[in-house]
Every structure is written in C-alpha cells, then in structure tokens.
Amino acid sequence: MRSIFIILIFLLFLSSCSEEKAQDKNHEEKQIIEHETQNNETSKATNQEAVNSENTTESIVPANDNNQTDEVSTPASQKQKNPAIKAVKVTFKVDDNDMVLGNKKSNVIVVEYFSPTCPHCAYYHQTIFPELKKKYIDTNKIAYVVREFIATKQDLDAAILARCKGDTNSFTQLHNIILIQQDKWAYSNKYRELLTDIGQLGGISPEEYKQCLNNDKITAILIANTNFVAKAPQFIGTPSFFVNGVQTGNYSIDTISTAVDKALEEQKEKAKNEMSL
C-alpha cells in the first residue's frame, strides 16, 4: 500500500515537470514569434523610409547650374527659329465713314482704336490726347482717325450714339462726353437710359437715338472697324495706335510723339527727294 502511494506521488511529480517544460517551451516559442514580428516590423519601417527617401529625392530639383531659365539654356540654333517679332505695317484706307480730326490730306495718318467701355481709353482721352491734339491735330500736321473696337453690347450702343448724326463735330462732342462719364453709364444696368441722357446733351433726342440703334449701316461700319483691326498681327486690345500703319508700343505721349515725329521727318525727306528729281 505504501509502495503504491509512493508511485502515485512520483507520477504526479513527473506530470508537473512535463507541464512546466511545456509552459517553458510555449513561452520560448512565444518569445521567438514576438522577436520575429518585431524584426519584420522594423524591416518594413526601414523599407518604407527608404521608399520615402527615394520619392523625396525625385521631387527635389537640384540647385545647380543646370537649373536655369529657358532663355539661358535654349541652344542658339533653336533661338534662331523664334526671332523677335518685327513691326508689321498695316495698310489703312481712310474713307468717308471715318471720323478724321486734323488735316485729312496729311501723309501722316494716326489711327486710334478705342472701346467706349475701356478704362484705359478714357484715361488716354482725358490725360494724353489733349497734349497730342494741341501738338499735331490743331496744327494740321497729321490726320487723326478715330475708330471703334466693339467688345460688348454697351460698346456698340455707345459707339452708335457717337455716330448717330454722322458728322465729325457731333461725333467729337459725344465721344468726349461718353468717355468722361464712362464710370457713370458703362457698368450700370440702366446704361441705355444713361446713354439716352448723354445723347440729349449732344442734341440727339431719344427718338433719334432709337432710330440710330436700328440703323444697320452704322452697325456695319462699327463691325467692319472691329474685324479689320482684330486681324492685325500685333493687336492686343485698346487703346491701340498705328502711325502710318505701324503700331506703337504703348499709348504714352512720348511713344506716340516719337512715332509721329519720325513719320513726319520721313515724309519731309520724301518730299525733298521728289523735288530734286
């Protein structure tokens, strides 16, 4: 009986040892798995950093001498294919439909293209044109032609008003008022009513203005003026000026005066040469 009891104790001891070994083995396996997982995560993180580093490097433009503007890096052979734009001469035929100020017989013709709603045109008319007029128009040195560029319905209605009577004096008077009062009518929902009021200042009744708005001939002249200059190679908008067919760079008094003086001198030399023949 005693021997059986000893055997049972021994078996229980062996069983306990086996369980501890199994637990130790499981613990070791768990530690191995966790260690491998950590290694894998570390490896993934390292790989991701490498990818990010590569992507970042690709997105950075090296700051060296190769990072230059097209003007510097463009080969000379390629530049020759794109030479600077030269002045292009446009032939203008002045006719009875044109509003001409100054000397209609002058060989120096200055053509102004304007839009009634153009703020720069209004600025030119009030600040630069008076000096130009005094210097060249009032002295009958040039023929100054005023032509419209129609961009909006407001432009069309205002231009029709200025041309309603058809003579230069009426045009000049209404043209002046339209540009001086531009900020009052051009951007108003009631611009037609305001233009009608302006017309009355120039001696045009509401009924006359209404008839002019329905005058296809006036509209055709305005559209023809617009289409003609729109085809000019260097035309970029209003106001624009052409001196004997050559467009000026801008509308400053110095730029226009330089172009006009040059044209006058050329005509003077031409006349002198013709007399010597």
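Just so you know, glycine gets a Cβ as well, placed from its N, Cα and C.
The feature signal peptide is assigned by Swiss-Prot to 1-22.
Positions annotated as region 'Disordered' by Swiss-Prot: 34-80.
What Swiss-Prot records for 39-80 is compositional bias 'Polar residues'.
Marked as domain 'Thioredoxin' by Swiss-Prot on the basis of sequence analysis: 76-265.
Under a cutoff of 8 A between CB atoms, and with a sequence separation of 6+ in the same chain, the neighbours of Cys121 (disulfide bond) are Phe114, Ser115, Leu179, Thr238, Pro239. Sequence annotations record features per position, and here Swiss-Prot assigns disulfide bond to Cys118-Cys121.
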Only counting partners 6 or more residues apart, tell me which same-chain residues put their Cβ under 8 Å from the Cβ of Cys118 (disulfide bond). Ala151, Gly237, Thr238, Pro239
